[in-house]
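Participant: One structure, as structure tokens, below. Some questions next.
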Amino acid sequence: METDQAWLPTAAFRAVGSRHTLVHGTGPLVDTVHRELAAGCGRFGGSVVRGAEGGGSCDLVLELGGDAEALGDEGFTYAREVGRTTVTAAGQRGLLYGLFHVVRLGEEAFHGERAQEIHRPTTALRMLDHWDNVAVHPVMGQVERGYAGGSLFWADGWARGDLERVRAYGRLIAACGINAVAVNNVNVHETEAHLLTDRIGEVADIAGALRPYGIRTHLSVTFAAPVVLGGLPTADPLDEAVRAWWAGATARVYEAIPDFGGYVVKADSEGRPGPFADGRSHADGANMLAAAVAPHGGTVHWRAFVYDHRQDWGDRTTDRARAAYDHFVPLDGEFAPNAVLQVKHGPMDFQVREPVSPLIGAMPGTRLAVEVQATQEYTGQQRHVCWLGPMWSEVLRFRPEEGVSVGELARGGLVAVSNVGDDPFWTGHPLGQANLYAFGRLAWNPDADPGAVLDEWIGLTFPEAPERLVAGLHDVLDGSWRTYEKYTAPLGVGWMVQPGHHYGPSVDGYEYSPWGTYHFADRDGIGVDRSAATGTGYAAQYAKPWAELYESPETCPDELLLFFHHVSYGHVLKSGKTVIQHIYDTHFEGVEEVEEAREVWASLAGLVVPARHARVTELFEEQLRSAREWRDQINSYFFRKSGVPDAHGRRIY
Ligand code: GCV
């Protein structure tokens, strides 16, 4: 099957491709702009010339120039006067983003007048992390938590010889504003460790395929590299030989990839090596690597996902949610300027509902990047429709303290774990493409309205879609995250998934395990007491007003109640329902909503490319089966625990 064109189908270029365009400026990315336009014009009858300013009778002018200070390397201005649309950028990347802006607008870009607008990304780094293994891992497969086939970059233990799809990927993600990609798993196994040294040429080939679209390549490295690859007796970050080893290895990386972005590091986390082994801090570790990349303009993304995964489940005082804050806040101000602390958006691990991590906002002296998960590990594994734009938007607009949002605090970048593989639809579930697109657009502008982003995605992916199709896609996608939440884990409790692969219900799957992930349900109630007064104290990690709001079950928002409090099944929510009735109702509703979405999708047959329609239809069968399984297991479990019957007498086993 041919690769799906996602949000850049040929028809998306109809408006620009039928115009007369002047491209002014030189450089490799300007060449890309020209190539894109030439291809569009070849298709739709327009023309594109490269030349001097002015442009005579051109409809569209894309020019390098403009105010470098106001626009930076990535910004552009866009203006429309009668008969002429002009995009001006100070940097080549800006020109490329300006072109894609015009493509997004389509015909609208050429009608009427519009005063000059400035477009500039809020966040300088907008990155996709691929958890791809080069070799197939015996447990995790090729892509850890990957639900879209094999790796885009690696096959049969090597970088793919044919990088055509990597080029196409670069083009797609540049069109939604992504400018960085990390090409291998943060769990760096032995084969993958060698990418840093003797196999850097393969990474360079991938970087070469992504570069024409303004995308810099990053690499995940193991903290133990000096031992594993360099034969040194230690990886101690304060050891001179270790530092020299990293400096040398890094210089060779930059010889191979002059615009290399830098390293991504998972250290002292889930069994990965790190500075704790030598009694050093995470700032020591990160700063050593930051020193190695600094002379070359690189950055280290040091992950804050550090917690004890060998916890005693009987010990109710240890709380995994506290871990990142407890480890890192004392180190605030100690990280080098080019060391970025990469924080998962929630304190646990990409559950369908979590509060925003209290680390975000608590480290004013540190550059933070915020990590979200496009790959749907806990949100249906790309077998379920789950449009995550609204969830990410809630996170990015959350204000840890008055006045400043998470989107603004993410000075070190926004990062998503990619949901892409070698699947012809890119994302396994064809509608998962909307998540990838939305991440790029929200990373560019964290304040963007996710509904408007979805409209853009629909407009590009389904050009000239009739109103019925647009409405149908909204019906299927708009509320799908909340639907997923309804039929899975209620009120922020999380983790009721099958251990290991994390798909499907298992209420007690992680209840008596060392991973620190509990719901504490008993015959009287459910939830984790994270209050400062009687619980783990996690609620106090927030600044005001959140610490106070989360502290009491009376003020804690319903959707997070069981994350912060252990309450009785009869506790009355702000909605007026008891917790147990909420559990029953949402699980019945969630399944009904999947049934409705499936019907809507069926009614769109004939309006969507048949292969795409068929794939989603097939996946809806699985989603519905799974949603029913969740409903029945969750409802039965809590009915049996609590003994409270459903107020509406529906069937519970
Ligand atoms: C790459 C969770 C996932 C792991 C992942 C880890 C991380 O634990 O289940 O697969 O490892 O997060 O983010 O490092």
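Using the three backbone atoms N, Cα and C, a Cβ is placed for every residue, glycine included.
Just lifted these from TrEMBL, have a look:
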{"type": "ACT_SITE", "residues": "GLU270", "note": "active site, proton donor"}
{"type": "ACT_SITE", "residues": "ASP349", "note": "active site, proton acceptor"}
{"type": "ACT_SITE", "residues": "GLU377", "note": "active site, proton acceptor"}
{"type": "DOMAIN", "residues": "115-426", "note": "domain 'Glycosyl hydrolase family 67 catalytic'"}
{"type": "DOMAIN", "residues": "427-650", "note": "domain 'Glycosyl hydrolase family 67 C-terminal'"}
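On this model, are these features tucked inside or out on the surface, and what's nearby?
Facilitator: DSSP classifies GLU270 (active site, proton donor) as coil under the three-state reduction.
ASP349 (active site, proton acceptor) carries neither a helix nor a strand DSSP state and counts as coil. A C-beta separation below 8 Å, combined with a sequence spacing of at least six in one chain, links ASP349 (active site, proton acceptor) to PHE305, TYR378.
GLU377 (active site, proton acceptor): 23 other CB atoms within 10 A of its CB, across all protein chains.
The predicted model assigns the domain 'Glycosyl hydrolase family 67 C-terminal' (427-650) a mean pLDDT of 97.
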Participant: To the nearest Å, how far is the Cα of GLU270 (active site, proton donor) from the Cα of GLU377 (active site, proton acceptor)?
Facilitator: 17
Participant: If you run the three-state DSSP split on GLU377 (active site, proton acceptor), which class comes out?
Facilitator: coil
